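Student: Okay, handing you the structure first.
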Amino acid sequence: MTDKVQTTLLFLAIGEFSVGILGNAFIGLVNCMDWVKKRKIASIDLILTSLAISRICLLCVILLDCFMLVLYPDVYATGKQMRIIDFFWTLTNHLSIWFATCLSIYYFFKIANFFHPLFLWMKWRIDRVISWILLGCMVLSVFINLPATENLNADFRRCVKAKRKTNLTWSCRVTKAQHASTKLFLNLVTLLPFSVCLMSFFLLILSLWRHIRRMQLSATGCRDPSTEAHVRALKAVISFLLLFIAYYLSFLIATSSYFIPETELAVIFGEFIALIYPSSHSFILILGNSKLRRASLKVLWTVMSILKGRKFQQHKQI
């Protein structure tokens, strides 16, 4: 891979990283300020803040991986640093996906209209248990990732002990195929929350269809607040599903480099696509949340006023 292509993709990745940090930091900052002001936090704000923090960490890990690939390519052949990066990438990836799934589940229970006793019971208790669900997602992600990381590091530790007795440096390498297969297994686990999110999406569509049908039969129109809430929730869920599919394909592209030689370009390109998912989805969430949307418009208006004031002062001085 030429230096020109490396530099171009790296700068594009830095740009995506900056946009993603800006959007997710804005979500976290607005919700935390509201939390301090009101001394309590709503369930939806807690989910969005947790999701924003996990995605900030995910963006940092992906960008660090890009830098390591470009500046220290030998680390991808062997080394403990690679395993550490992979562990935190997989962990933050799992947390981000689980938290996004929690958001989809929350939308489903708060907006959908079903009359099954179990659904009504869950709908009534969702605000009380959402913090425990988020905590459970964190614990589950850590327990899934730690054993796999220990398996990867076991060979490394055995090699260090062997090197003290012999000079077998070749034994300190974990094969690329073994490493890639472990990463593939860890990311296949994310298909579970993806399936849950997909199920909530279809149930929301069913609820919306039934609601519109009732509105048509009662001749009250279809653009009532409940319909608008359904549409906003569906936009947030379907954007997550589409971006997650693109993210998963980018991961498969990056993982292919472990089996095909000389594919650093595929890795960087895959990571460039991977950055789109945590970066762009944050802005979709901002536009779909009334409080965040108002705060963003207020910030935008303030920035425009400052810029206009500076231009006026410069024109006055001239």
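In case you wondered, yes, glycine gets a Cβ from its N, Cα and C as well.
Quick paste of what Swiss-Prot says about this protein:
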type	residues	note
TOPO_DOM	1-9	topological domain 'Extracellular'
TRANSMEM	10-30	transmembrane segment
TOPO_DOM	31-55	topological domain 'Cytoplasmic'
TRANSMEM	56-76	transmembrane segment
TOPO_DOM	77-94	topological domain 'Extracellular'
TRANSMEM	95-115	transmembrane segment
TOPO_DOM	116-128	topological domain 'Cytoplasmic'
TRANSMEM	129-149	transmembrane segment
TOPO_DOM	150-187	topological domain 'Extracellular'
CARBOHYD	ASN167	N-linked glycosylation site
TRANSMEM	188-208	transmembrane segment
TOPO_DOM	209-235	topological domain 'Cytoplasmic'
TRANSMEM	236-256	transmembrane segment
TOPO_DOM	257-266	topological domain 'Extracellular'
TRANSMEM	267-287	transmembrane segment
TOPO_DOM	288-318	topological domain 'Cytoplasmic'
Student: I need to check the long-range neighbours of the transmembrane segment (95-115): which residues 6 or more away from its ends have a CB within less than 8 Å of a CB in the stretch?
Tutor: 43-44, 47-48, 50-51, 54-55, 57-58, 122-123, 126, 130, 133-134, 137-138, 140-141, 190, 193-194, 196-197, 200-201, 203-204, 207, 210-211, 226, 229-230, 233, 236-237, 240, 244, 278, 281
Student: Average the pLDDT scores across the topological domain 'Extracellular' (257-266) and report the rounded value.
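Tutor: A mean pLDDT of 57 is what the predicted model shows over the topological domain 'Extracellular' (257-266).
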Student: Using a Cβ distance cut-off of under 8 Å, indicate which of 56-76, 129-149, 188-208, 267-287 has the most pairs with the transmembrane segment (10-30).
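Tutor: Stretch with maximum Cβ contacts: 267-287.
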Student: Near the transmembrane segment (56-76), which residues from the same chain, at least 6 beyond its ends, have a CB less than 8 A from one of its CBs?
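Tutor: Non-local partners: 6, 9-10, 13-14, 17, 20-21, 24-25, 28, 82, 85, 88-89, 92-93, 95-96, 264, 267-268, 271, 274-275, 278-279.
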Student: Would you kindly list the residues that approach the topological domain 'Cytoplasmic' (31-55) from elsewhere in its chain, counting only those six or more residues past its ends and only Cβ-Cβ distances under 8 Å?
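Tutor: Sequence-distant neighbours of the topological domain 'Cytoplasmic' (31-55): 20, 24-25, 92, 95-96, 99-100, 102-103, 106, 126-127, 130-131, 134, 278, 281-282, 285, 289, 291-292.
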Student: Sequence-remote contacts (6 or more beyond its ends) of the topological domain 'Cytoplasmic' (116-128), Cβ cut-off under 8 Å?
Tutor: 43, 105-106, 109-110
